[in-house]
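Undergrad: The domain 'MTTase N-terminal' annotation in TrEMBL covers 56-174. The annotation [4Fe-4S] cluster 1 binding site is assigned in TrEMBL to 65, 101, 135. Per TrEMBL, domain 'Radical SAM core' is recorded for 197-428. Positions annotated as [4Fe-4S] cluster 2 binding site by TrEMBL: 211, 215, 218. The domain 'TRAM' feature in TrEMBL is assigned to 431-494.
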Ligand code: SAH
Ligand code: SF4
Ligand code: F3S
């Protein structure tokens with residue numbers, strides 16, 4: 001097989017589009033059919049592939065959101081099942097996968113930079129398999145650019161093709177041509193995939209996949225397919241198993257977790273509130289969830305979250321803009337007033353809750369006044385943290401057909417002003433923690449100083465303090481001594497009893 005690879009000189013692209021390998025299509029991916037989602041439990045590795053990676057090493061570089069991070073854990077699981085071992089060093093790797101993000105242009109540029117950088121390595125080591133997967137692989141323009149300009153890439157596969165990794169690796173090893181498999185479908189759910197999780201303290205669990213919100217600027221509904229929920233029992237079993245293995249914190253994942261359950265045919269009227277109400281009974285200290293869409297955040301969920309316990313009081317509630325007209329053309333389906341109403345409702349039910357959000361500045365036609373509405377909303381909500389972004393047109397989305405008419409200078413200026421406010425509010429929120437005792441899940445030691453431990457509070461603030469490494473993985477009480485904008489320094493008070 002190595003020989004075949006070494007013989008590989010010129011790749012022949014002419015036949016791709018006539019063969020079984022269909023190029024990705026955003027138009028096709030946009031379709032939402034009535035077809036029922038298939039729940040598959042039939043992932044298995046054919047005998048001839050079982051040991052294909054024996055003695056070889058893999059490296060996966062991950063870009064983008066937590067969903068991508070978790071997909072990487074699945075791909076690592078699959079690669080280890082077929083014999084590969086992990087490496088951090090690209091020179092030792094026999095296969096390198098770039099698990100990519102398409103959310104903004106700069107995310108894509110980073111990946112193209114990396115592909116360019118790996119060209120030299122590939123030249124020195126022609127048998128190396130270089131693969132591109134994740135959200136960018138779902139875009140036809142990206143795939144065309146790779147086919148034309150980056151012939152060092154051996155393998156391209158999409159977000160719906162992860163379970164096919166064993167077959168794709170085999171093909172890439174034996175084929176002289178680039179192997180491409182990107183299904184532009186709405187997606188199924190494959191349940192029995194192996195996973196190798198990063199760390200053993202905090203774990204991610206998917207509760208649903210895809211997004212049907214089609215916010216006008218966003219590529220995710222095209223790259224991830226339609227909203228589809230896992231069965232509650234599968235999720236509960238996975239969380240229980242992680243609790244049994246000693247994990248201390250679970251983050252339930254989905255692009256729009258508040259739509260959880262809407263598509264489930266076998267259980268009617270079962271939503272995120274119902275799921276959380278069952279999960280909170282599992283013996284695990286902390287449960288988080290992300291990302292919430294304000295539109296689907298219902299009263300039952302608020303009621304359940306207010307029960308507290310292992311459901312932590314941190315809500316990430318992306319607002320995107322503080323102006324109702326902007327929200328309308330962004331397709332967010334709520335107004336400034338509705339957002340604030342929800343915000344205060346949650347705050348009343350969970351008084352100690354902290355809120356974080358996402359904001360886009362410089363959306364087409366955004367006026368200075370409209371931007372000021374965003375500033376005033378941020379000030380009013382006193383967010384603990386905001387992820388702020390400059391609008392980036394994404395090909396194929398409705399907003400990309402609008403003129404991107406705010407100059408980069410104005411966009412940058414707005415971003416700077418917003419970030420200054422965000423920092424000020426974060427510092428104010430942290431200042432309130434001075435001299436308070438906070439519960440910290442100890443996640444690791446500082447790289448610079450192994451005596452300094454680091455972790456998060458329930459409200460997701462970073463806390464650093466001195467203590468023995470043996471505390472890693474435990475919940476401890478720390479008194480906050482020194483307050484910074486994005487972290488707190490504290491003193492260990494006591495180690496809590498093992499939970
Ligand atoms: N599902 C989540 C967000 C996923 S993407 C939600 O709806 O909240 C994370 C963030 O990236 C978004 O909240 C948005 O603020 C930002 N984003 C998405 N598309 C963008 C674009 N085209 N340009 C700039 N920022 C974008
Ligand atoms: Fe994108 Fe909107 Fe879906 Fe979030 S809810 S992933 S911003 S389309
Ligand atoms: Fe990026 Fe895809 Fe996540 S576009 S933000 S990796 S869903």
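Backbone N, Cα and C define each Cβ position, glycine as well.
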Undergrad: Give the number of CB atoms, excluding that of residue 211 ([4Fe-4S] cluster 2 binding site) itself, located within 10 Å of its CB.
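TA: Cβ-Cβ neighbours of residue 211 ([4Fe-4S] cluster 2 binding site) within 10 Å number 22.
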Undergrad: Just name the winner among 65, 101, 135, 215, 218 (the binding-site residues) by count of other CB atoms within 10 A of its CB.
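TA: Counting every other Cβ within 10 Å of each candidate, the maximum falls on 135.
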Undergrad: Looking only at C-alpha atoms, tell me how far residue 135 ([4Fe-4S] cluster 1 binding site) is from residue 218 ([4Fe-4S] cluster 2 binding site), rounded to the nearest Å.
TA: 12
Undergrad: Work out how many Å separate residue 211 ([4Fe-4S] cluster 2 binding site) and residue 65 ([4Fe-4S] cluster 1 binding site) at their Cα atoms, rounded off.
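TA: That separation, Cα to Cα, works out to 14 Å.
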Undergrad: 135, 211, 215: which of these binding-site residues put a Cβ within less than 6 Å of any ligand 3 atom?
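TA: Among 135, 211, 215, near ligand 3: 135.
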Undergrad: Quick one: of the binding-site residues 101, 135, 218, flag those whose CB is under 6 Å from ligand 1, and say none if nothing qualifies.
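TA: Going through 101, 135, 218 in sequence order, those close to ligand 1 turn out to be 218.
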Undergrad: Any of the binding-site residues 65, 101, 135, 211, 215, 218 with a C-beta atom under 6 A from ligand 2? Give them in order, or none.
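TA: Checking each Cβ against ligand 2, the ones under 6 Å are 211, 215, 218.
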Undergrad: For the [4Fe-4S] cluster 1 site (65, 101, 135), what does the 8 A shell look like? I mean other same-chain residues with CB within 8 A of the CB centroid.
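TA: The surrounding set, listed in chain order, is 63, 64, 67, 68, 100, 102, 103, 107, 134, 220, 223.
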Undergrad: For the recorded [4Fe-4S] cluster 2 site formed by 211, 215, 218, name the remaining residues of the chain with Cβ within 8 Å of the site's Cβ center, in chain order.
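TA: Filtered neighbour residues, in order: 213, 214, 217, 219, 220, 221, 255, 256, 331.
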Undergrad: Over the domain 'Radical SAM core' (197-428), what is the model's mean pLDDT?
TA: 97
Undergrad: Whole-number Å distance between the CA of residue 215 ([4Fe-4S] cluster 2 binding site) and the CA of residue 101 ([4Fe-4S] cluster 1 binding site)?
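TA: A Cα-Cα distance of 17 Å.
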Undergrad: How far is it from residue 218 ([4Fe-4S] cluster 2 binding site) to residue 101 ([4Fe-4S] cluster 1 binding site), counting Cα to Cα, in Å?
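TA: Pair distance, Cα basis, whole Å: 12 Å.
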Undergrad: By DSSP, what is the split of the domain 'MTTase N-terminal' (56-174) into helix, strand and coil residues?
TA: 66 helix, 23 strand, 30 coil
